[in-house]
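Beneath this line is the structure, given in structure tokens, with notes to follow.
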Amino acid sequence: YQDKEEVVLWMNTVGPYHNRQETYKYFSLPFCVGSKKSISHYHETLGEALQGVELEFSGLDIKFKDDVMQTTYCEVDLDKGRRDAFVYAIKNHYWYQMYIDDLPIWGIVGEADENGEDYYLWTYKKLEIGYNGNRIVDVNLTSEGKVKLVPNTKIQMSYSVKWKKSDVKFEDRFDKYLDPSFFQHRIHWFSIFNSFMMVIFLVGLVSMILMRTLRKDYARYSKEEEMDDMDRDLGDEYGWKQVHGDVFRPSSHPLIFSSLIGSGCQIFAVSLIVIVVAMIEDLYTERGSMLSTAIFVYAATSPVNGYFGGSLYARQGGRRWIKQLFIGAFLIPAMVCGTAFFINFIAIYYHASRAIPFGTMVAMCSLCFFVILPLNLVGTVLGRNLSGQPNFPCRVNAVPRPIPEKKWFMEPAVIVCLGGILPFGSIFIEMYFIFTSFWAYKIYYVYGFMMLVLVILCIVTVCVTIVCTYFLLYAEDYRWQWTSFLSAASTAIYVYMYSFYYYFFKTKMYGLFQTSFYFGYMAVFSTALGIMCG
């Protein structure tokens, strides 16, 4: 900024403190606007539109390095309707957010006295702005001027601006919003270390079990080959060698199966790339940039989905590959957009700023049809041609063999339920930190932790599914594809159950809008995580 240059104070949203996602336009409460009208226009990004950022000009006249004494900028004519609106807002602990030069400022609307009969409105915004050279590096708001709300009176709203020199560097100006004591708590380090130990233990266990049992199995099978035919008929053959003629049989419902696998590979690629980008760039300093990045990366990694899904479908002998292409491409977008559409109705009913505008919806749909679908097609064609030929070591028998009776804990359903416990155990402390930064007012910035947890999750999932598949094949059950996928994907069920615990014991959310928002998007998050693990 040059000296005396205009500094814009944007009003963003107002809403109940306990419901972070339930926000309304600042001027939906009967606040009044300052006198200044002309303003350089503000363009919002895709991420902001989806996150319900509604920037409106406050009308306050602020100039760089130009102090303003306490000045009245407008007055509110308090009739009964307006007083009721303010009283409702104060009862529900409404607070509002403003921006100066992309720095967020929070202030509370008002407060009630102890017995809850009289309500007071804060009318005086005292701004202290720190500058370093020609840049704004620090903003503080003090709310003063407590005025009792009495019907049919006029309330004067005032503000003052004080500029002070600050030593904060422009690059570090967001550090005061971060919460190191919360995110870099000993428990956080301890949980990562704990998960790490579990990983080493698991990998050791799996490799030891498999090496020993497989060596035993091989020894038994090679001994049987040396017997003559008479002994072999009497021999007791059992174990995974028996299903060699069926183990490469295509899975049931290969179309859905390969679409899920393709989507899972894509979600994994997106998670990896977005976390790396977030580690390099500080995405939390700009509104909505995290979401915009994720959407862009998702669209760009569509060929991954097509490649893995299409090639798997071709190897399983699928014929309807166009249908598989469409299902694979629109599986995740349909899930997300369906949930968003449902929650949007509630948001429109509430007149919340989270209601997604029609233009943004059209943009998202055209992204699906004109970016994601063609890229998916490219991936599918590559996948079918490069690795679409089945190259199995054994022939598949013409007649499927009967599956013998097995103990109850070898049943696929039991294996699936038990499979998700260990992966969930390795990530659930990190889930707490991620949930808190999304549903409460913390800024998540420790993406190195998230990267470690993702790696740990991968290793644990791999180990668990190898063991599950071995048990299933040992019981001479060759239906391993879905069991292998679902024994890892069942992590999603545990994460969703944990989100119920989090809602009731860690937050104070209330109301239809916030509750449906929470459980709707938690379901989407859990499902996506499950497909990725699977």
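Placement of Cβ uses the backbone N, Cα and C atoms for every residue, glycine included.
In TrEMBL, annotation is done automatically, which means it is predicted and not curated.
The following features are taken from TrEMBL:
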type	residues	note
TRANSMEM	189-211	transmembrane segment
TRANSMEM	255-280	transmembrane segment
TRANSMEM	292-313	transmembrane segment
TRANSMEM	325-350	transmembrane segment
TRANSMEM	356-378	transmembrane segment
TRANSMEM	413-435	transmembrane segment
TRANSMEM	447-473	transmembrane segment
TRANSMEM	485-504	transmembrane segment
TRANSMEM	516-533	transmembrane segment
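A contact between the transmembrane segment (255-280) and the transmembrane segment (413-435) is absent, since fewer than 3 of their C-beta pairs, 6 or more residues apart, lie under 8 Å. Stretch with the largest number of CB pairs closer than 8 A to the transmembrane segment (447-473), among 189-211, 292-313, 325-350, 356-378, 413-435: 189-211. Counting Cβ pairs closer than 8 Å to the transmembrane segment (413-435), the top stretch among 189-211, 292-313, 356-378, 516-533 is 189-211. Here the transmembrane segment (516-533) has Cβ contacts under 8 Å with residues 21-22, 260, 263-264, 267-268, 271, 332, 335-336, 339, 342-343, 346, 354, 420, 423, 439, 457, 461, 488-493, 495-496, 499, 503, 509 of the same chain, all six or more residues outside its ends.
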